[in-house]
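Inspection log for the structure reproduced underneath, given as structure tokens.
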Number of protein chains: 4
Amino acid sequence: YGKNTIKFLRLHREGKQHFVKEVEVCAHLRLTSPQEYLEGNNSLVIPTDTIKNIVLVLAKKNGIPSLEQFAIDICNHFMTTFCQVAYVKAYVQEVPWQRLHEDGVPHIHSFICVPDGIRFCEAEQCRNGPLIVFAGIKDLKLMKTTQSGFEGFYKNEHTTLPERHDRILCGELFCKWSYGECKDFDFNCIWKKIRECILEAFAGPPDCGEYSPSYQKTVNCIQMLVLSRVPQVQIIEAVLNNTFYNVVDMKNLGLTNDKEVLVPVEAPYGSCACTLGRKKFFEA
Amino acid sequence: YGKNTIKFLRLHREGKQHFVKEVEVCAHLRLTSPQEYLEGNNSLVIPTDTIKNIVLVLAKKNGIPSLEQFAIDICNHFMTTFCQVAYVKAYVQEVPWQRLHEDGVPHIHSFICVPDGIRFCEAEQCRNGPLIVFAGIKDLKLMKTTQSGFEGFYKNEHTTLPERHDRILCGELFCKWSYGECKDFDFNCIWKKIRECILEAFAGPPDCGEYSPSYQKTVNCIQMLVLSRVPQVQIIEAVLNNTFYNVVDMKNLGLTNDKEVLVPVEAPYGSCACTLGRKKFFEA
Amino acid sequence: YGKNTIKFLRLHREGKQHFVKEVEVCAHLRLTSPQEYLEGNNSLVIPTDTIKNIVLVLAKKNGIPSLEQFAIDICNHFMTTFCQVAYVKAYVQEVPWQRLHEDGVPHIHSFICVPDGIRFCEAEQCRNGPLIVFAGIKDLKLMKTTQSGFEGFYKNEHTTLPERHDRILCGELFCKWSYGECKDFDFNCIWKKIRECILEAFAGPPDCGEYSPSYQKTVNCIQMLVLSRVPQVQIIEAVLNNTFYNVVDMKNLGLTNDKEVLVPVEAPYGSCACTLGRKKFFEA
Amino acid sequence: YGKNTIKFLRLHREGKQHFVKEVEVCAHLRLTSPQEYLEGNNSLVIPTDTIKNIVLVLAKKNGIPSLEQFAIDICNHFMTTFCQVAYVKAYVQEVPWQRLHEDGVPHIHSFICVPDGIRFCEAEQCRNGPLIVFAGIKDLKLMKTTQSGFEGFYKNEHTTLPERHDRILCGELFCKWSYGECKDFDFNCIWKKIRECILEAFAGPPDCGEYSPSYQKTVNCIQMLVLSRVPQVQIIEAVLNNTFYNVVDMKNLGLTNDKEVLVPVEAPYGSCACTLGRKKFFEA
């Protein structure tokens, strides 16, 4: 049980300059005894209202140096303070405020919301177990208008899809990775580096791109690049929900449409997911 | 990988009377080899477009006698037809069309959408493994305006919640259960019976209700009643996302508010989840 | 300016039986002088926080005998109390709680949310002008699986739609009507009667239905029936946003699909709107 | 009547470099005769499917040099081609794709979706009337963490809001403006200039900001700056839906919270709207 979408803004001031971190926190607990479920005995139950208070107090006391550090703080607090807690999980998601710029000059206290991929993290711990930290990005929508195809696939009597060597590849990406032992990581810096890896692996070189033979292969390229460039990442999961773009057939309208007008097909949408770790791999 | 939100309507006619079943299907596969991820070799990949075609063909050929039977049909088809499929999962969700009535008379071909709890099911199978069938209800919003409290909970310096013995209990319920060996079950009949159990356990007797000492206990009561009344259910998971209603303090407006005007608090919201099986139990 | 989505629950008790009315209110004002916009002079500005307080106090004092009466109460309060108010509009929308029944027996304090068409109303008044009351229903999703066609329409070189005399008609209906002088109307009773008219005009007789040659004609039938049966309605606006269902072409899958499997096309969707009054009419 | 959410992507290639414009179009017509509503006579009705085809054909033939020019093209086409059309309105909204950059180098065919304010426009025309063009921005979320207050407002017995001279100002902005006679405007350039004006008027100088005494005054400042800097704008409407941030009271948690931890209040939310033209003004 727990409290979801605890939303708050942490404002930090350095002189006249302001820094904001608005987050949404979900904190979930499992207790050592299920007596509240079976007997209606609430004596060990930490109310979700108290959970919310604790999250706010930690934000006040510690600030939010990084989402990951804040999630770790929450786990540590519950494990240290309450012996009836058997398991704790903290999920933290950021509202993507960016500092406003006027003619290139950063504004000291004004911000704009720019949701081009949402940063989140998760920390979880079982009593007597290790603290595990995940981080990720979601709602990242990307498109490449060429250098993508899908050919040589399995065919049978239910196949109506034609082979294509030049199509649009468009999708919403979700990536989540786990860190190993988190000794003094600069979580903010690592996250930015991983985001750059994802974009680079998706798009390829800026002057020519790189051919993608399938959504699956693109997902794998993203994972491989992150694992090769960022040693702190142990396992990376990626899900790509893709939107197909159909070239509109304009023959009966008397026109030739050379992939100039395309219609997005939002439902149904395809999805491919893969989890890749060091040395071993899983696929889901 | 797979195809999500394959939406279609299956229309069945008996003389002048029409029957509709509109569903949303997600079908996911895992192949025996990950070569399409690692090498970009698509030769075993069944395109998600083909997956969609197969789902539509099955609907045409078999109809949808029940969501569960249709999900089973999908699993069977993929396991039987494609030896490269290692795992298949089919999720089916219903659009809640109900037959229109005029003065109590059912209309032969007109329907109204009544989303008071969405029915869904899931079937999954690993090669050489058993076929497992789940069913459930989601987005079921319930409220009781008395016979609910929360007292005797754990308190410390972060506790600000007062004890209450008469509050509003309101939440959105998600229930999902698994069946054992599915031999000739009447899935439609069982689902209706479980829905009735859920409502009865939540509300208590119509003339007096039944006191709920916590969301957790209410979740447990629902599970216990379903397990005791419906022998086909093996394990039942329930999640209750609750909305608190705060009694508006009207003292500084010169009024006494005897729980007559309350304001819903939608974020943050509490959540409690429990999974209960026969003989053993888990809590999450 | 004003306050939107003021959400609250009004609980009314008669002995052990409870009655709930949960609503969402938007209250908007225009002041006689725009000095707060031009000069930043706030001396006449009623804070939106105060607007919210007033709405809650009115709910406490008057209850909500009907949405319309409550909207009228809000308008009256602002016009009577604040001479700087030039115009007031109150919108009230209901959360569709329905009493739970167990084996046909109504429960004294348990409710279920059944969103099969949302009731709303609006009252507005200019200083020295009449109080105008609107009521309506929205998000009402209806479908008929036959007795609908679309033929004889205008054709040119951009026409690709075939004529059809047996298609599915499905849409989401929005209706809003105005009352004349509101003397002692039973708003709850009238609203139920209008809802029945809408369903009857959409569906036709339960044993055979009635042929609809277009969405436009169906919209007109609904309006005509309401105006003929409910004398209190002066003008009625109706908007029907329709979802087309395409019969899946299964020829290249080796099957004949006799309108048994259809796929909804949610975007783009068609829309038709008409406003009809007594003696005169407008079309938009 | 008309067709809504006609979504498509217009791809333009210059050598190896690709340019994308993905839009959502709504096109609505009113015919000279309402015979299809009254008599079910469809002979003059242009099917919404044909409307969709025409929009796609225009995109193929003319491309989308600017949203505004494309909306004008749609109006012109319907007015010129169909004498039964009495009125046409075209709304065009952009999906905010931005070119990807790698280390500052623009990518030739990869894009990322960055929804920090959605551009839209509208063109409408009555037969024998002028063509009117509107443009706008919506879903633009802005925040300033100081230089905002609300004082000196009207008070009575329902007032509980305290005066504040240092609060957070946060809101979602909608702006829509009309152009006069559109002779050879560079709509893309004007739109960018207006967006900059909005941000500048909201935030004030980057090194100190500018004090806002109310949401109303901020709305007015935005309008005044746009009107003074952009002569092509005739009338500008602005709506600011604001989210309040409450400073969490931590006294009973033993802490002093100096506006460091704040909780957003998303419902109810305040809203203020103003329409400002040259020489005359309206307020709504």
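Each Cβ is built from the backbone N, Cα and C atoms, and glycine gets one as well.
Heads up, TrEMBL stuff is auto-annotated, nobody curated it.
Residues annotated as 5-hydroxyisourate binding site in TrEMBL: B:T48, B:D49, B:F150, B:R167, B:Q216, B:N242. Taken from TrEMBL, the feature urate binding site applies to B:T48, B:D49, B:F150, B:R167, B:Q216, B:N242. The annotation O2 binding site is assigned in TrEMBL to B:T48, B:N242.
Proximity to chain A (Cβ-Cβ distance under 8 Å) holds for the following binding-site residues out of B:F150, B:R167, B:Q216: B:F150, B:Q216.
Secondary structure at B:R167 (5-hydroxyisourate binding site), as computed by DSSP, is coil. Applying an 8 A CB threshold to same-chain residues 6+ apart, the list for B:D49 (5-hydroxyisourate binding site) reads B:K3. The secondary structure of B:D49 (5-hydroxyisourate binding site), as reduced to three states from DSSP, is helical. Around the Cβ of B:T48 (5-hydroxyisourate binding site), the number of neighbouring Cβ atoms within 10 Å comes to 26. The Cβ of B:N242 (5-hydroxyisourate binding site) has B:L169, B:C170, B:G171, B:E172, B:Y215, B:Y269, B:G270, B:S271, B:C272 as same-chain neighbours under 8 Å, each 6 or more residues away in sequence. Sequence-distant neighbours of B:Q216 (5-hydroxyisourate binding site): residues of the same chain at least 6 apart with a C-beta under 8 Å from its C-beta are B:C272, B:C274.
Over all protein chains present, the Cβ of B:F150 (5-hydroxyisourate binding site) has 23 other Cβ atoms lying within 10 Å. Neighbour list (B:R167 (5-hydroxyisourate binding site), Cβ cut-off 8 Å, at least 6 residues apart, same chain): B:S148, B:G149, B:F150, B:Y245. The binding residues for 5-hydroxyisourate are recorded as B:T48, B:D49, B:F150, B:R167, B:Q216, B:N242; their greatest pairwise CA distance is 51 Å.
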